[in-house]
Amino acid sequence: MLLFYIFLLIGLSQCREHEISINEETPIDTIIFDLNSLSTTVITYQLLESSSLLHFNSTTNLISISKRIDRDTLCPNDDQCSKCYLTIKLYDMYYYDILLLKFKINDINDNQPIFSSNTYSISLTENNMPEMKIRLSKAEDIDCFINGVQLYELTYVYRNRVIVSSVNVFQPQPQNQTNQPFYLLYDSNAELYLVINISLDRELQDEYIFTITANDQKYATSTKLTLTVLDVNDHNPKFSQSIYTVNISQSTPMGTILIKLTAYDADSDDNARIYYSLLSIDGYKIESNDRNELFQLNSYTGELTLLSKLDHLDTKNIFKLVVGASDGTHNAIPALTTVYINVQTDLFNSDQSLIQITFGSNRVSKNFTEVYISENLPNATFIAYIKSNPNLQLLTHEGFFLQKLTENSFTLLTDRSYDRETRSSYNVQLRNGNIQRNFQILVTDVNDCKPQWNSSILNIDFDQFIHLNEAIVLTLNATDEDENSRVGYRKKSTSWPQSISLISNQLILNCTVEGNETNNDCWFYLANGEIWLDIEAYDLDNENFSSVIKIRLYRSSIAGTDRSYVQIKRLYQYDILQWLKHEYIIMSIACLMGLLFVVATILSCVYCRRESRRKTPSILTTVTDDNSTKQKIIQTSSSEQSSSAGSLYGSEKSDNITVETSDMYLFSPKRTTLMPHPTDNLTNKLFHSIQTDLSLLTEANQQIVATRGTYV
């Protein structure tokens, strides 16, 4: 009965609270609080609740430390050092109330930063773009955030000069470091990057060695980073996401494929062959010869498989895996991604009918009713991992199918390559006994469509607008079925009338002058027959996606003879315009210059011919008639058959030359000797000329007339 009243008093008593701050690692048996300080009267306290780390002496009313207090072990998730308390509850036998003492454990800087490895090696091809960022492994410090890593320092040698660059975790990035060839960057996502601010050249330097130091203002830890410059393989693999999340249960069977990671490489052939590797689990580096007992990553397919059951891990509910993807080149830079595996406690017996769905790396809505799959992905793309018993049924089959992995596990895969423009969503219905799970597959868009016109030819009649005294504006509208598509328009025709302009998506026909008066010449030019314009609509995000429409401008009021006349005139004008194109002009000029060259050549030849005849010796043959006989007078130039050209063309009389054709010999009155064959060159020419003329006289007159010598 007495105990009943005591508990009743305790229940009705008020509770007093006191908060006391103590540091971790305080020595054992240290007195941390004296209850006698709360009152001048000696009070007896009854211990109600207490932590095993604290000891209460009821005789002295002193509270001391009984075991080692390590805040980092006691409160591992309290990074801000604000929620780590030890409590002790006492009953005040004097005031009949409850006294609650809360001891706040303050963190001290008693742990140094630790890198996961003493050395790191990365490689990068030459001719990289400046400002390239490479994510680095951070140093881990289990102390509170304020006692954790506060400064990262980068030390390296560049062009025989030692350069030191640092970044403060709590302060913005200094601007002066952007002028350095290499520096560290700590972004808003608490990720550490090495920024390469230059374009690497392997011929100048093929290796850079960096020292990275992590400092928490008390301890400092360093690691070595080696950067190798390559001159081949200029593309690196990339993951579609930087973080993947997988939810599994403790009863997930061994051999289950948890997720299939996919990285993409823009290279071709052997350089595009990607190899996957598991780099670390929960910060512990996985070496190539280490055997991991929990997870296995297929190096060729990127499939992550569970090797053992997780039901014995009662306190471990999350795993952090860092996966790299490389294209097999020696020392190539791997693409990194992080996979978080959440282990959920089984709430139901495995024999019951239940459906557990894990969507893997696919993006899902907050209530897990919608999963997003990109279009144009290949057939058999992973949608979800499903845990259930063999009675699982798929009620809808269009767009996907179930693949059985084990007796109680399945994967939901696509049965086609999705096209968002054809169908943008699929409904999935799963049933197991009385339990049914429904969710929807939403197909996300990629830029794979080009703008389309309603028709290939657009006819525009001027007579619909001829009564207007202002510029005519026609709005072009080509449609692109992609989401958030942007369409641009540009001229495609080689010739374009000055009165027609294209601004954005508006075709402007401007036939007005000042005072809104109609420009009749403009209307005549535009309406004189037909005008054809080519306009191209293109995707602003990818100009290779485009389509062309032909626009025909005409006037329907022109008919009969007028139309025939206009068409003939228009064709004539069109031929002239075609002839006046620049290529025809060049050909015409070339032909004209060739003709002028031929004429000039002929005139030069004629002129040279005349000059040649005037300067060379000539033989003139004149035939005269006498009363009795026909005489042939041979006029020639001779001056003793001299070699001098001036004597041949002299104006004085020369001696008579007697010609006797019967013997074909030449006689001179001053010479008695016979000259059968002249040896002088000039005389030889004169001889043959006279001989030729005598032959002609012989053929013409059939007789030889001996005459007097002629004078020159």
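Here the Cβ of each residue, glycine as well, is placed from N, Cα and C on the backbone.
What TrEMBL says about a protein is an automatic prediction, not a curated fact.
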From 477-498, 609-630, 631-652, the residue range that TrEMBL assigns the feature region 'Disordered': 631-652
For the domain 'Cadherin' (116-239), the number of residues DSSP places in helix, strand and coil: 8 helix, 59 strand, 57 coil
The domain 'Cadherin' (14-115): DSSP-derived helix, strand, coil residue counts: 8 helix, 46 strand, 48 coil
